[in-house]
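Swiss-Prot lists G29, M30, S31, G32, G33, V34, D35, S36, M55, G145 with the feature ATP binding site. Positions annotated as active site, nucleophile by Swiss-Prot: C120. Taken from Swiss-Prot, the feature disulfide bond applies to C120-C217, supported by sequence analysis. Here Swiss-Prot flags H146, Q362 as site 'Interaction with tRNA'. Annotated active site, cysteine persulfide intermediate per Swiss-Prot: C217, in sequence order.
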Amino acid sequence: MKSKTYETHFPPLSAEQLAENRKKKVICGMSGGVDSSVSAFILQQQGYQVEGLFMKNWEEDDDTDYCTAAADLADAQAVCDKLGIKLHKINFAAEYWDNVFEHFLQEYKAGRTPNPDILCNKEIKFKAFLDYAAEDLGADYIATGHYVRRGEKDGQCQLLRGLDNNKDQSYFLYTLSKDQVAQSLFPVGEIEKPIVRAIAEDLGLATAKKKDSTGICFIGERKFKDFLARYLPAQPGEIRTVEGKVVGRHDGLMYHTLGQRKGLGIGGVKGMGEDPFYVVEKDLVNNVLVVAQGHDNSALLSSGLIASQLHWVDRQPIRQPVRCTVKTRYRQEDIPCEIQPINDETIRVVFDEPQIAVTPGQSAVFYQGEICLGGGVIETQIK
């Protein structure tokens, strides 16, 4: 199989490199999406012995309103058949429930807003999958369709941002160690998304026009509020302004996140002007959602944050202040900051300029240029 788009964007490898790659077995995680499909093809073109693996991480109910695992598996199988590679199948639903989903629920109960995709990468894709591929399938490497790159300095692997700035997924992979990065290949991290689609169309792959998945992996396209209500009982309460004025009611604190504007159900409040309301605090003790008016309200701003559950890609704790940039949510512009270590497990992060909607439970991920240093979970804001 050939792709002119591939040949345009990937220079041919030397005979020596091809010969070396042919000795290596790569298990490519096949999600049934276009990124993993093209990743498998790129690896084939680079000479590797490629096999696919489809992971089922969630036991579904009877809801058929979103893209099911069965449909994704069919797409993954169709791509593997087209490429002429074997597809393995594995069920990690028990591991997912124990190591990802239960933590997700606990965080929501505690009033925080977790990011299960980060935990899924840590516990499933780069732990359970990596271990299974190496130990049971004899893999030299695993590969995924993530938009990140591998770098190397002084013989140590580094995690780099994906070439496509709009699709870079290093934010979700900051928990990887340098050793996990060394065992992983990220073929589409070297190109931009439109090129990935063009390669898939050149090859006539079943996933060429399949839209990108959105939402949390185990919820799919369903309404988040309806899904969460099945597992956590909601506790309705008051919505108050910072000054204490009652302006509405909420269905449950867990349905709201800091900085949220839409979906609060607050109409025009007499004597309070037309500026929209934003969530600035979740008062768990009193079950009150605290709001303030105006996107530039000082109550929305933080001068920094405290983070814990730290993961550094090189696995070396930070002992001295470090200048870098940080993202406190995906696709955010880089924020210049200084990391100030409190101890090996906790850091203070001071922003150069105040930032809005710094959300406990989300991750703060740090960069120096293209290099992802690692990150941690936001514990509190610093006002």
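Backbone N, Cα and C define each Cβ position, glycine as well.
Positions of the features from Swiss-Prot, shown on the structure.
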residue : record                       : Cβ neighbours (10 Å)
G29     : ATP binding site             : 24
S31     : ATP binding site             : 23
G33     : ATP binding site             : 22
D35     : ATP binding site             : 24
M55     : ATP binding site             : 26
C120    : active site, nucleophile     : 25
H146    : site 'Interaction with tRNA' : 25
Q362    : site 'Interaction with tRNA' : 23
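Between the alpha carbons (Cα) of S31 (ATP binding site) and H146 (site 'Interaction with tRNA') lies a span of roughly 11 Å. Each residue contributes its Cα atom, and for C120 (active site, nucleophile) and G33 (ATP binding site) these two points are 17 Å apart. Taking CA atoms as the reference points, D35 (ATP binding site) and Q362 (site 'Interaction with tRNA') are 25 Å apart.
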